[in-house]
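For reference, the structure discussed in these notes is given below.
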Amino acid sequence: MSPLIILIAVAAFILGGGLQRICGMGTGVVAGPILALAMGPVLGVLTTNTAAIVTAAVLTVSLRAHVDWRRVAIICVTGAIGIGIGVAVIHRVTSAWLEVVIATLLLAGLATTSIAARPRPGRAPQFDALGGGIGGVMNALVGMAGPILVLDSRLTGWEQQRFAASLQPIFLFLNIGSVLAKVVPGLPPGVDLPPWWVVPIVFASVLFGAWLGGRLAPRVSSTHARTLAILVASAGCITLLVRGASTLL
């Protein structure tokens, strides 16, 4: 692994960890596409999943008082099913078309809900179940479940502070599931795990990013944090769309 790739990964994890503390997501959305390009899709997403476990574990503990545990449980149950589907797909189907379709649909959904959607809190269980399933598939395939969960929060009027806190145990569960589902059966031929010394570098980077985000979070209002979450999710979708389209062309 070259020094340039390590520097890119460190920068991506610091930025992602900081954004995740402020608006609820960031590690997967920021680092996932960058590392997929730098390290290859399978190893890049696996490394992102591992880093996201560390970030989410730390933030789950620090933000636990604001977590909506009932909604978390619904999303995690259907997310587990989605992970199984995603891992099955990743070994059989090229992900480029899926990336283009998923990114396009999510961008359309985010745009629609940002402009005209009326929140429907009464339908939160249904939207949570659907969002969890799709999020599990996305997390296994492309290393990011955040955008679909932002769409869920917009459709249900999920209060930003509780939404951001609740994302952490969801990300913890989904990323542990994704890593186990990929490593236990064995990685695809030609893909090897990175050297052991990459692990402490990843851990230190995301922890520093989360600490930095914690210093900045009190200065960011709920409205601005929600707007930032939508922007981060949209940026992740656009990156996903470009990556998928470039593979197909």
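Every residue, even glycine, has its Cβ placed from backbone N, Cα and C.
Residues or ranges marked as transmembrane segment by TrEMBL: 30-60 (among others).
Here the transmembrane segment (72-90) has Cβ contacts under 8 Å with residues 42, 98, 125, 128-141, 145, 149, 152, 166, 169-170, 173-174, 177-178, 181-182, 185 of the same chain, all six or more residues outside its ends. The transmembrane segment feature in TrEMBL is assigned to 72-90 (among others).
What TrEMBL records for 96-117 (among others) is transmembrane segment.
Annotated transmembrane segment per TrEMBL: 129-151 (among others), in sequence order.
Residues or ranges marked as transmembrane segment in TrEMBL: 163-184 (among others).
Residues or ranges marked as transmembrane segment in TrEMBL: 196-213 (among others). Within the chain, the transmembrane segment (196-213) has long-range Cβ neighbours (under 8 A, six or more residues past its boundaries) at 1, 6, 9-10, 13-22, 26-27, 47, 50-52, 54-55, 58-59.
TrEMBL lists 225-242 (among others) with the feature transmembrane segment. Long-range contacts of the transmembrane segment (225-242) within its own chain (CB-CB distance under 8 A, at least 6 residues past either end) are made by residues 19, 22-26, 28-30, 32-33, 99-100, 102-104, 106-107, 110, 114, 142, 144, 146-147, 150-151, 153-154, 160-161, 163-164, 217.
Listed as Cβ neighbours of the transmembrane segment (129-151) (distance under 8 Å, sequence separation of 6 or more from its ends, same chain) are residues 24-26, 28-29, 31-33, 35-36, 44-45, 48-49, 52, 74-87, 89-90, 95, 98-99, 102, 106, 109-110, 113, 167, 170-171, 174-175, 177-178, 181-182, 229-230, 232-234, 236-237, 240. Sequence-distant contacts of the transmembrane segment (163-184) (same chain, six or more residues past either end, CB-CB distance under 8 Å): 23-25, 27-28, 42, 45-46, 49-50, 52-53, 55-57, 59-60, 63-69, 71-72, 75-76, 79-80, 83-84, 86-87, 90, 132, 135-136, 139-140, 143, 145-146, 149, 153, 225, 229.
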